[in-house]
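Novice: Here's a structure for you.
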Amino acid sequence: MNESAFHYIIVGAGSAGCVLANRLSENPRHKVLLIEAGGSDARFWIKVPLGYAKTFADHAVNWSYMTQPDPGLNGRQAYWPRGRVIGGSSSINAMAYLRGLPHDFDDWERAGATGWNWEIVRKTYEALECHVEGAIQKGGGPLVVSDVGDGMHPFVQNFLVAAREMGWNVARNLNGEEAEGLMRMRSTVRNGRRWSAADAFLRPATKRSNLRVISRALVEKLIIQNGRAAGVQFRLGGVQHIVRANKEVILSAGAINSPQILQLSGIGPAALLQAHCIPVLHDLPEVGKGLQDHLAVSQYYRATEPTLNNILGNGLGRMLAGVRYILTRKGPLSVPVNQISGYVRSSPELEVPDVQVYCNPMSYITHASGAVGVDPAPGFLLCVQPSRPTSRGQVTIASTNPEAPPLIQPNSLSTNEDCETVIKASRLLQQLAQTSAIRAVTKARLQPDISTMDDAALLENFRNRAGTVFHPSCTCRMGHDARDSVLDARLRVHGMEGLRVVDASAFPNVTSGNTNGPTIMLATRAAELILQDA
Ligand SMILES: Cc1cc2nc3c(=O)[nH]c(=O)nc-3n(C[C@H](O)[C@H](O)[C@H](O)COP(=O)(O)OP(=O)(O)OC[C@H]3O[C@@H](n4cnc5c(N)ncnc54)[C@H](O)[C@@H]3O)c2cc1C
């Protein structure tokens, strides 16, 4: 394959890369190459919505990163799963679908991403989505977002009653007119199966003769000639290959690997590159900086009523659920675990929601290795996640070996504002657990019981126990210029020709909710910009 030429080379077949592969190959004159490090997504546990618990720590489809010790989490290292498979993280994620809130995107524009305000991106979302509510279908886009409420465990009704007691809106769909409250979570599920970016965008395009997909190929670095991305170097089956791009190379390798590939290619902070004896082709200080993520803390409760634990916490129940799923594509395995969620305000004087709440009708333990164990006794969890953290970490190469995981320093809770939001969010959790609806179904509060904790203890509980919600972003963010960012508002790398980054690393700030939808939206708009510039 040495020296073959394409118009566009896309690195990474994840949420963003699948969209680009589809949109850029619509024109049969464009020769498009998509290169993915992982293999096929034709796996049972990828297709089954609740199979998320199995792929969570499956190294066959997962980069399974560990962060550096994080001072804000009392020195803990965290397990960060990322999809290494066709579909990327959209093939292993929890399928919760939220667009984000209007101010998230207005803030993108304020940060320098001109043309990404809510009014503009809302139209992209509307064209992208197809909402399925039972027999009703709204919208004709390829991204199926289903109301899976009918398949949820009846226990979730308690969460909605508790929400009303808290004075929170119970919304039908937070991806429409309503922007606040809890709802039965909408999910990227279609007919009881995961609907990944590969399903929505890549699969329909693979029959095109002008699109080539190469999987199990690790991109090692970009080929840069005279300030232009001329191609990429990748390794497939132990053999190194070089492919050339006449128009553009687009990095869609995700928020951890896109900055890693730039740095390995000599584009990044000069001091870092020099420390690894990499020739500095372009000193771009912000590559890898600006990392944002969502952190959440879960509190667990034993229940007085049956929950999903009664089914999935024992071998017989799991077997019956499996048989039911195989025969009907229904039942507990067909619905993602985050069943009730939404946006709320930690104090009434705030203009916008600042906390995402999750209520799951099941309790489980996630071990440090990422393995998930379901409790045998009925239980549930209540969880809060500050929506718009201000702390920023970084991703830096650890060595010149492209196989070596980069160093991830989340730098969590490094601002006073974030610590204050954690305390206010934890107070909400205390109040939610005290509602009569939740007390009525609580047999016991599992340790640590936060019900009587003061502010300091709540913050300490968060530092000791909070975990990632798997939304790393912003490591190659859009902005004004090379002093504050990596990309311009058309996602072009500052100071380079023929090179863009299109994935969650391009977010100027993390959005308030789950990040798969915003990434797919971003890639859809990016494809328009790339084609305009062609
Ligand atoms: C466990 C988990 C649960 C999540 N739950 C949700 C949820 O419920 N709802 C939600 O909205 N979001 C969720 N997310 C987040 C969401 O899935 C991501 O934000 C989104 O998929 C990011 O898309 P991306 O295109 O930036 O990166 P990815 O989808 O991660 O794609 C990057 C791709 O690039 C490939 N790649 C990387 N390096 C190289 C290389 N050197 N050479 C070749 N290929 C390479 C990777 O293998 C991968 O396929 C979750 C994520 C995880 C991991």
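Cβ atoms here come from the backbone N, Cα and C positions, even for glycine.
What you see is a predicted model, and the numbers here were worked out from it, not measured in a lab.
Feature table excerpt (TrEMBL):
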- 83-106: domain 'Glucose-methanol-choline oxidoreductase N-terminal' (DOMAIN)
- VAL85, VAL219: FAD binding site (BINDING)
- 254-268: domain 'Glucose-methanol-choline oxidoreductase N-terminal' (DOMAIN)
Novice: Since the record lists VAL85, VAL219 as binding-site residues, which of them has the fewest other Cβ atoms within 10 Å of its Cβ?
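Specialist: Result for the binding-site residues VAL85, VAL219: minimum number of other Cβ atoms within 10 Å at VAL219.
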Novice: Kindly report the helix/strand/coil residue split of the domain 'Glucose-methanol-choline oxidoreductase N-terminal' (83-106) according to DSSP, in that order.
Specialist: 9 helix, 3 strand, 12 coil
Novice: What does the DSSP secondary structure composition of the domain 'Glucose-methanol-choline oxidoreductase N-terminal' (254-268) look like, as residue counts for helix, strand and coil?
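Specialist: Secondary-structure breakdown of the domain 'Glucose-methanol-choline oxidoreductase N-terminal' (254-268): 11 helix, 2 strand, 2 coil.
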